[in-house]
Every structure is written in C-alpha cells, then in structure tokens.
C-alpha cells in the first residue's frame with residue numbers, strides 16, 4: 001500500500017473555500033480562464049506580468065550590445081528593473097484597492113432616502 005491509513009482518507013476530501021462555491025478542489029478550470037478571473041479581481045496583476053516580461057525581453061535584447069559590461073552586472077540590473085516594475089504594479093494595485101474600498105465610499109456615497 002502506497003499511502004498510510006492516516007493520509008489516504010484526507011486525499012478523498014473535497015474542500016470548499018466558502019459556502020457560495022467560488023472555488024472547490026473538484027472544479028476543472030483552465031489556466032487562461034483562471035488568469036482572466038484573477039485579472040478581473042485585481043487588474044494590476046496582468047500589468048505586472050506584462051511589465052516583467054517587457055523588462056526581461058528588453059534586457060535579453062540589450063544583452064547582445066552590452067559592450068564591456070560584465071554579464072553578472074547586466075543580469076543584476078535586469079533583475080532589479082523587473083522586480084521594481086512588479087513591486088510598482090503591486091503597490092498601485094493596493095492603493096487602487098484602498099481607494100475603491102475606503103475612500104470612494106466615504107466621500108462619494110449617495111445618501112438613500
């Protein structure tokens with residue numbers, strides 16, 4: 001027997017995150033549909049991914065024309081630029097989320113009569 005008696009029953013459980021069935025372990029969801037769903041929830045994730053890919057692509061292109069710069073220094077600069085873009089996108093996402101959840105309802109709420 002591959003599994004011990006204690007672990008095997010845990011593999012048969014189907015876990016759900018919430019009662020409204022947003023996600024369950026037995027759901028079949030493709031990578032593209034998951035990325036689309038996640039991008040609707042937080043729109044700055046695809047911006048961060050696109051920026052990361054752009055910086056890495058540009059860095060690899062410039063690798064050919066780096067002249068007398070060492071390879072390790074070029075790769076460090078490329079990594080720092082890519083991480084900076086992703087951190088910036090995450091920061092903008094957090095600020096937008098805070099604005100959407102706290103500032104906009106507080107100042108732009110319409111009183112219901």
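Using the three backbone atoms N, Cα and C, a Cβ is placed for every residue, glycine included.
Whatever TrEMBL says is automated annotation, not expert-curated.
Quantities reported herein were computed from a predicted structural model and do not represent experimental measurements.
Here the domain 'HIG1' (16-108) has, by DSSP, the following mix of helix, strand and coil residues: 70 helix, 2 strand, 21 coil. As annotated by TrEMBL, domain 'HIG1' applies to 16-108.
Under the heading transmembrane segment, TrEMBL lists 43-61 (among others). With a cut-off of 8 Å between Cβ atoms, the residues of this chain six or more beyond the transmembrane segment (43-61) that come close are 35, 74-75, 77-78, 81-82, 85-86, 88-90, 92-93, 96.
According to TrEMBL, the transmembrane segment annotation covers 81-99 (among others).
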